[in-house]
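Asks: Here it is, the structure, as structure tokens.
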């Protein structure tokens with residue numbers, strides 16, 4: 001089974017190409033041109049590229065190159081004959097067009113060689129099946145005939161080799177004892193201390209002697225290692241007659257030092273935060289500058305190098321192969337041509353956690369974009385669709401509006417008012433944790449932060465924010481900022497109106513001169529009407545500068561449902577004429593999904609809003625900005 005067969009001129013014009021199993025022959029052919037033809041390494045007509053074996057034939061008279069590719073694990077004996085037959089027939093059939101040796105004549109020439117090639121391929125395959133009848137192998141040709149006869153004879157009373165090896169240690173203990181022998185079985189000459197040779201009636205081959213010498217050498221050194229191991233074990237003193245008590249896994253612990261809880265503690269005071277490991281809390285990296293998200297790995301780097309090979313080849317061809325860059329247009333794409341490829345792409349996107357409806361819409365958009373487009377000769381339907389899909393995904397992840405919080409905060413400072421950010425989302429996605437990360441990032445950039453605890457529903461929500469505030473205060477104490485308090489928690493306990501607490505927090509921040517107010521809200525499901533009404537009221541009354549939706553990178557179809565219903569609820573329950581909707585997205589738990597990054601596509605596609613932050617860990621420095629190309633590369637990785 002052939003992957004491809006192509007015929008092109010040394011000027012770079014593809015005259016004819018047959019696509020078999022392989023999706024595209026561009027990469028292997030470019031590698032052949034760069035590594036073999038341009039380097040004048042044509043001594044061998046075979047070349048291996050990744051999983052393919054390429055065989056080629058040069059026609060120096062007409063400046064043609066014939067290349068065939070197939071899987072390197074296959075042994076196709078008819079390939080050489082096929083290349084010769086194709087070369088001969090193609091040259092004779094199109095001699096007139098080829099002899100003109102001009103690019104225009106080759107462009108205008110019609111090389112309808114498909115039927116002839118299939119006929120030659122069928123004849124070559126049939127000829128390879130006609131072989132001489134196989135004969136049965138003789139005993140002299142077998143491996144058993146090459147072994148010495150002595151090695152296949154088992155003497156009565158002789159133990160097999162494996163049992164003899166296992167019983168060597170037991171027999172060594174009995175050696176040197178004064179008692180009578182435990183057995184009277186005859187010992188073969190090869191296992192006794194007697195020399196083995198013709199004088200004892202045993203003849204061994206040269207290979208058998210070498211093998212026995214090797215075994216004796218290994219046994220001598222093995223005994224030395226056993227003695228050294230025994231000596232090291234015996235060095236450790238052991239108490240005789242005493243047995244260490246067994247410690248059960250779930251049996252508790254009776255150690256007094258472990259059970260003693262009477263030591264004084266600070267019970268969560270700020271002094272306890274100062275004694276904690278600051279580096280462990282802070283994490284590694286520069287907190288003031290957001291790094292781009294990196295989704296690559298060692299496999300991705302290798303794939304990236306392979307993907308850059310065709311482009312590098314195009315830059316180095318020059319001269320003789322300078323016209324290789326898509327001068328010939330072969331066919332225009334239709335929906336029937338792209339149907340099977342788009343089905344595979346859709347399944348691939350769904351497997352990478354893209355919502356099913358959005359995957360269908362993306363493939364439909366690509367089909368509309370490519371319908372009627374003319375492909376290049378070396379371009380296949382798969383490569384063309386994949387390239388168009390990649391461009392569409394990058395465009396989706398780069399929306400028109402870009403959220404620059406630092407610039408907006410500086411603008412709010414000039415107006416002498418705090419910059420207000422509200423966090424919303426479903427339960428358990430990490431709103432409070434990522435609020436603390438963003439607080440640390442703002443503190444590293446020199447802005448003071450007031451955290452408003454407006455989650456008055458979940459037990460422990462205020463205590464969680466108090467812990468983050470204490471740790472952030474330890475990282476940025478007032479002493480480092482001229483006595484100015486950089487981070488503070490504003491809370492009114494549980495059961496209060498969240499909108500009223502947010503309003504008081506904003507007024508407090510304005511009076512105390514805080515730069516940013518981060519409002520934490522309670523987690524709520526998108527179908528909970530009372531809680532969604534309370535959220536819409538909070539946003540309408542306080543009019544924050546930025547509304548961030550916090551979502552997990554683990555969700556698939558659920559992401560679409562969450563965002564659609566959140567926006568719908570904010571619009572339905574808002575009392576303003578122009579309701580305030582979600583402005584941006586914070587994508588959390590991105591370090592747990594490997595390359596299944598489809599949630600980023602789903603959330604951005606459904607809202608047309610940017611992903612402002614990406615959470616990648618559990619320390620304050622584990623905050624990244626989205627790199628669209630890295631996400632798309634991870635998404636398209638097979």
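Positions of Cβ are set from backbone N, Cα and C atoms, glycine also.
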Asks: Which stretch, out of 45-78, 79-112, 249-282, 283-316, is listed as region 'Disordered' by Swiss-Prot?
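Replies: Feature region 'Disordered' in Swiss-Prot: residues 283-316.
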Asks: Quickly, which of 151, 432, 473 does Swiss-Prot have down as phosphoserine? Just give the residue.
Replies: 473
Asks: According to Swiss-Prot, phosphothreonine sits on which of 543, 578?
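Replies: Residue annotated phosphothreonine in Swiss-Prot: 578.
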Asks: Going by Swiss-Prot, point out which residue in 127, 177, 330 is annotated as phosphoserine.
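Replies: Record lookup, Swiss-Prot, feature phosphoserine, residue 177.
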Asks: Using a 10 Å radius around each Cβ and all protein chains in view, which of these binding-site residues has the most neighbours: 425, 428?
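Replies: The residue with the most neighbouring Cβ atoms within 10 Å is 425.
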Asks: Over the region 'NG domain' (419-636), what is the model's average pLDDT?
Replies: 89
Asks: How big is the gap, in Å, between the Cα of residue 428 (GTP binding site) and that of residue 578 (phosphothreonine), rounded to a whole number?
Replies: 30
Asks: Have a look around residue 578 (phosphothreonine) and count the other CB atoms within 10 A of its CB, chains all included.
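Replies: Result for residue 578 (phosphothreonine): 7 other Cβ atoms within 10 Å.
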Asks: Have a look around residue 590 (GTP binding site) and count the other CB atoms within 10 A of its CB, chains all included.
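Replies: Summing over all protein chains shown, residue 590 (GTP binding site) has 24 other Cβ atoms within 10 Å.
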Asks: Using a 10 angstroms cut-off on Cβ to Cβ distances, just flag whichever of 431, 524 is the loneliest among these binding-site residues.
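Replies: Among the binding-site residues 431, 524, the sparsest Cβ neighbourhood within 10 Å belongs to 524.
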Asks: Take the Cβ of residue 521 (GTP binding site) and count every other Cβ within 10 Å, whichever protein chain it belongs to.
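Replies: 28, counting other Cβ atoms within 10 Å of residue 521 (GTP binding site).
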Asks: Hey, how far is residue 431 (GTP binding site) from residue 578 (phosphothreonine), Cα to Cα, in Å?
Replies: 26
